[in-house]
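K.L.:
Not my notes, these are from TrEMBL:
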type	residues	note
BINDING	B:111, B:115, B:306	Fe cation binding site
BINDING	B:134, B:135, B:136, B:137, B:138, B:167, B:180, B:278	substrate binding site
DOMAIN	B:24-313	domain 'Gcp-like'
């Protein structure tokens with residue numbers, strides 16, 4: 001799938017909003033890319049689209065931020081500070097995974113082996129004129145959601 | 001009453017003994033002390049947040065330092081939230097069962113209440129009421145405090161905490177992670193006039209913060225400087241960016257604290273949390289408040305970051321007021337500070 005250009009923060013938020021329209025639990029979304037390339041901003045747009053009104057805090061320190069939404073539970077993870085996937089045990093992750101929910105996981109590479117496989121990976125990269133996004137779908141549900149990104 | 005405090009809400013394992021008459025007797029944080037004896041001279045690399053294996057040696061360490069034994073413990077306080085649920089469960093299970101085995105009361109403590117009351121452990125303790133700025137890697141919060149357990153959130157970060165913005169900007173500048181304190185040292189060599197970063201959310205009313213944009217601003221500034229210098233920027237440019245970033249964070253915090261003091265009419269500001277150890281912040285805040293006839297209070301640097309002393313102290317305050325934890329304990333990952341039970345009357 002080809003790259004999608006995101007000029008600014010508004011475009012990142014809008015894209016998150018578009019994803020929210022079709023996103024249904026259970027779903028595992030990986031967000032990959034360097035610091036400051038807009039992973040949490042995209043998640044903010046997604047949560048707004050799912051009806052969350054409050055703040056969307058970065059989960060870098062808390063590692064996991066749970067959200068109870070109208071139709072589903074969403075877990076926003078940021079594994080940047082993990083040095084060993086084994087540390088995920090201390091989060092009680094295994095218990096949480098038994099509930100059908102939407103999982104948005106930043107820095108999944110830090111939790112390799114201890115995470116559920118993704119339906120869709122979104123790779124974000126810096127460009128001189130903003131950010132670019134490349135979707136990689138690995139399931140039917142992921143492919144269906146990725147198509148939304150190219151509409152409208 | 002001698003209270004053993006146990007803190008395991010996030011990354012650090014901290015233990016302390018606080019005595020109602022004699023103050024803080026001893027405290028220790030795992031990452032800061034060598035525990036050679038416990039492991040026969042070899043200190044194993046324990047994973048972050050592996051509180052299970054760190055807590056017991058720390059309790060022994062603290063009792064040794066205070067020259068006391070387990071039977072000298074009159075009560076146990078443990079962090080009951082907010083934090084990582086797996087990490088909290090370790091401290092809560094340990095604290096509650098230790099108290100049961102010793103036949104003494106136990107109390108669950110709110111982690112942020114611990115931070116907020118930490119300056120009261122110092123000789124020049126501030127009197128109620130005051131405004132507290134809790135500023136760390138995980139939090140940026142302004143709280144109006146009219147007594148123990150009487151907290152009103154005035155404002156907080158809507159995205160990244162100030163300390164997180166420091167650590168991530170350090171990483172963007174090529175420093176190690178977490179590199180907030182390293183960034184501050186680099187900033188000392190920086191020219192404050194070369195770059196100017198925005199002061200987020202200061203141009204509108206309100207006491208909320210947003211630091212995520214500053215990290216992106218630092219990244220864009222670095223990219224532009226690299227483009228101008230054909231990819232190879234000099235050390236001075238990095239220092240200048242670090243300086244501009246730190247100036248922006250410090251200015252923003254000072255502006256919001258002054259605004260909070262004006263709006264509440266309080267005369268005293270308490271700073272707590274890891275970022276409150278930042279020298280430029282302390283100097284700038286001190287000057288700004290002194291000019292208005294107001295005071296700033298800080299705990300000593302080692303009590304700014306997560307520690308057991310603040311949990312022992314906050315627990316002592318609550319035990320004094322009759323609070324205890326039943327044998328059934330329930331740590332909370334999320335726990336709004338405003339839900340806490342007040343201890344004593346409000347002082348306004």
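Even glycines carry a Cβ here, placed using N, Cα and C.
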K.L.:
Among B:134, B:135, B:136, B:137, B:138, B:167, B:180, B:278, the annotated substrate contacts, find the widest CA pair distance and round it to a whole Å.
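P.N.:
It comes out at 17 Å between the most distant Cα atoms.
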K.L.:
So if the criterion is CB under 8 Å to a CB of chain A, which of the binding-site residues B:135, B:137, B:138, B:180, B:278, B:306 qualify?
P.N.:
B:137, B:138
K.L.:
When a 10 Å sphere is centred on the Cβ of residue B:306 (Fe cation binding site), how many other Cβ atoms does it contain?
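P.N.:
So the Cβ neighbour count for residue B:306 (Fe cation binding site) comes to 27.
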K.L.:
Can you tell me the mean pLDDT for the domain 'Gcp-like' (B:24-313)?
P.N.:
92
K.L.:
Compare the C-alpha of residue B:137 (substrate binding site) with the C-alpha of each of the binding-site residues B:111, B:115, B:306, and give the closest one.
P.N.:
B:306
K.L.:
Find the shortest Cα-Cα separation between residue B:306 (Fe cation binding site) and the binding-site residues B:134, B:135, B:136, B:167, B:278, and name the residue that gives it.
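P.N.:
Comparing Cα positions, the closest of these binding-site residues turns out to be B:136.
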K.L.:
Neighbour count, 10 Å Cβ-Cβ cut-off, for residue B:138 (substrate binding site): what number do you get?
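P.N.:
The answer is 26 other Cβ atoms.
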K.L.:
Whole-number Å only: compute the distance from the Cα of residue B:135 (substrate binding site) to the Cα of residue B:115 (Fe cation binding site).
P.N.:
10
